[in-house]
Amino acid sequence: MAEHESLEFGKADFVLLDNVSLEEFMANLKLRFEKGRIYTYIGEVVVSVNPYRAMNIYGRDTIEQYKGRELYERPPHLFAIADAAYKAMKRRNKDTCIVISGESGAGKTEASKYIMQYIAAITNPSQRAEVERVKNMLLKSNCVLEAFGNAKTNRNDNSSRFGKYMDINFDFKGDPIGGHINNYLLEKVGVKGVFKCIFQLVKGAPDAQLRSLHIQRDPTAYTYIKVGGQIKSSINDSADFKAVTDAMKVIGFTTEEIQTVYKILATILHLGNLKFGSDGDVTLIENSKLVSVLGDLLSTKDENVEKALLYRTVATGRDVIDKQHTHQEASYGRDALAKAIYERLFCWIVGRINDIIEVKNYDARVHGKNTVIGVLDIYGFEIFQNNSFEQFCINYCNEKLQQLFIQLVLKQEQEEYEREGIPWKHVGFILLKQLHFYFWNSNVGLADGRSVQQNLFKNNYYFSNSFCFDIGKEIEKFTFKSEICHVYSVVGFIDKNKDTLFQDFKRLLYNSSNPVLKAMWPEGKLSITEVTKRPLTAATLFKNSMISLVENLASKEPYYVRCIKPNDVKSPLLFEHERCKHQVEYLGLLENVRVRRAGFANRQLYPRFLQRYKMISEFTWPNHDLPSDKEAVKRLLQGCGFEHDVAYGKTKVFIRTPRTIFSLEEQRAEMVKRIVLFLQKVWRGTLARKRYRRMRAALIIIRAYRRYKVKSYIREVNRRFKNVRGMKDHGKHVKWPTPPKVLRKFEEALRNIYNRWWAWTLIKDLSPEQLVQIRAKVATLECLKGQRADLGLQRAWEGNYLVSKKDSPGTASSFTLVSSDLQRKDKFMRVLFSCNVRKINRFNKAEDRALLITDRHLYKMDPVKQYKPMKSIPLYNVTGVSISPGKDQLVVFHTKDNRDLIVCLQGMVPAGDSRIGELVGTLLSHFKSEKRKLQVNTISPIHCSMNGRKCTVVVETKINQSQPDFTKSRSGFILSVPGN
């Protein structure tokens, strides 16, 4: 449903005012400005008041709120007009244009930027690279054109000094594919003022670049911008300089082209500082050092620069002479050169941008129709204390656009009522065609200022002729007879219209060794004696461009943004009543409201109206059986009770007030909800039934397929493992078939069953002693796999190595007798492990001992004394074993009473054998059989307790060490092992 603003913000559409008067209009405009609502509608025209502050109403969320919505569905906004123009272009395949008008400082340039931003944001949902590139180019071109075509003034930080009309080309899908920019009448007097790019260069360029251009970082050091440098502004010139440079790179300007652009700007600054003096009849350049600077920047010889500034080459028949300038002529030539260079630079920049963004290789037969949205951002009305030729052209342009607005919006409105046979109340409006026609055919520029004045007087187009004398100079003024009077000084009209630039300067720049600069001045290649046509005057060029612009706009479906400047001090709080009233009057906004109120706020073709609102009435939903669409619309509106607020034309229904539209939209939104719910119910039921049938069919297929796969797998397993009993490896080499997903767990269980059977076939014939050894090896593998390199699993484990003649060839019998006595005494069942060791005694010294582990005790024996038992530790007192991760034979037995036993196995035969794995596995297997837990730690260093004291055992490798041995350290003990 449409969302509308509450009345505390005033009327969102001036058409809804209770009384149409200037006072009511101004009161509503002021209220909305003070409430932060800067946009208001007049039907389909947006009135915008410059807020002079940043507003959070242009982000991505706001864009989404206006995307694809009708004008009346959301509060007034620029995005609504931009979306309407885009929809007309995309849906109806119509070329459209958005005309932004208002005086300087009213916010036209910012409005055009936001419109461009919106159009860029709503296109290209698939984020294709080429479309993104075009959009980026169009947005970046705005940044560059603003820098070189806009100025900082006391009235406006971003004042347009040129007119800009940008066509954005779209393909048949509505994606931008290119564009074209037309510029109108760059006000070159701004060169001697405050063009933004010049300040960005002086204040924002890096120091190294300024040095290369011979520029100081002080605007007041340059005559042309001295006054502009004193203007206060919140603009960050350094950030803007970088942004403009980056934008030119993105657009496609080369490094050499960008450097040439800044060289030209520096040239203009230095030209302004040139001072001329006189020595008798000879004109001289007082600060001649600047000549060499100019020669360097223009890539030409110093003497050529000086000659062009001081002399003029004149061809008289076959003779060519150099005529020296007077002081006044030299100053005029200098200023004319600065203005011409800047204008040529600006036109070249626009041309380069057009070369890059223009549509290339587009064939309508292949790609479909190419449609256009035009955005016109042109200078606003300018009325100063002294208005000259530029203001006359600018205001003429605005008046021309105002008349176009009147014709297209007001006149066409009333003509449509006549065409449809709708009664209407005539609203008068003023057309100034005769004035424009007369002026541009009065040979202005071919006579002096007095002849202009006399011609206008004869034809009764001006009144007020005043003569002001100031230091002997006569200043003549004339004022147009109009409801709104503008006064212009005709002094200088002729020179500005001729826009004379000496041919010497053109030849100078054409002969530059800089190819970019040379290309800007092709006419400089003409010979001195060559006769050329007189160039068209500035007024003629401007007139032709205006005619072309008006024809272009008239061929498109127009949308309007009327900008208003609330005050002259850029205050976000001040609303100057008289200032705004003046703008409302000359923009014809009240007349626009009256036409809307006298006529109808909305009109639609009968079929289109029915298509949108037919669900409201039972007589038209889903289709009507009345004689015509017109009758159906009548029946629908009568049923809603709106017959008093509508009129029926021949092809359209006319609705007088937006309130009726709002009510129709609300009823439609309510019915759409019901229709959508009904359609959703039916469609969801259809989808559910289709989904059920598919699921049922799929389930039947899956079940059958699953049974097939299960049976196939079982058959394949049975085939492969059918004769495993007769195989030597009992089927270990047989590859298992890949099971279906549903049988993966079954396959795991089947493999476990097979593995247990295979293991049983291996161990069923083993002796009890062999089974014990296998259990010990399994225990070792489970505990130490991946923690020690050599576990001794590949050899046979003997366990009781001291009875073996390999380890103790001469003392085995003595050990056998002692162990037999201990067995009788302590009643142990079997020997688990025995080996020679090196141990730490209670005096923290290393000594040789023998280690005997039975199922009941751990014995320490002295091999020197015929294996005399020294001390025993009950096996139940052992809580854990710690070993190192290396190849050493270090073992620490941890006990409950914190009297740990630290030993290193030794005397192995062969010498490289590792018995750590066997010792650990044997103990683990035994403890497991007694259902006790033994903690095994693989760690370095090993922490333990000796006689109740904490200590650590560290293993170190020594190259010259022959046998492992313990030494005392500050923290415990060090086991030194051989390094080779």
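Placement of Cβ uses the backbone N, Cα and C atoms for every residue, glycine included.
The domain 'Myosin motor' feature in TrEMBL is assigned to 9-669. TrEMBL lists Gly102, Glu103, Ser104, Gly105, Ala106, Gly107, Lys108, Thr109 with the feature ATP binding site. As annotated by TrEMBL, region 'Actin-binding' applies to 546-568. What TrEMBL records for 786-979 is domain 'TH1'.
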| message | Which sequence-distant residues neighbour the region 'Actin-binding' (546-568)? Criterion: at least 6 residues beyond either end, Cβ under 8 Å. | response | 29, 33, 42, 44-50, 52, 78, 81, 84-85, 88, 94-108, 111, 115, 155, 163, 165, 182, 184, 372, 374, 376, 380, 396-397, 400-401, 404-405, 408-409, 574-576, 579-580, 583-584, 587, 589
| task | Take every residue in the region 'Actin-binding' (546-568), average their pLDDT values, and give the whole-number result. | result | 85
| query | Including all protein chains displayed, how many Cβ atoms other than that of Gly105 (ATP binding site) lie within 10 Å of its Cβ? | reply | 25
| note | All chains considered, the count of other Cβ atoms within 10 Å of the Cβ of Gly102 (ATP binding site) is 25
| remark: Its residues classified by DSSP, the region 'Actin-binding' (546-568) shows 9 helix, 8 strand, 6 coil
| note | Around the Cβ of Lys108 (ATP binding site), other Cβ atoms found within 10 Å total 30
| Counting other CB atoms within 10 A of each CB, which of the binding-site residues Ser104, Thr109 comes out lowest? | Ser104
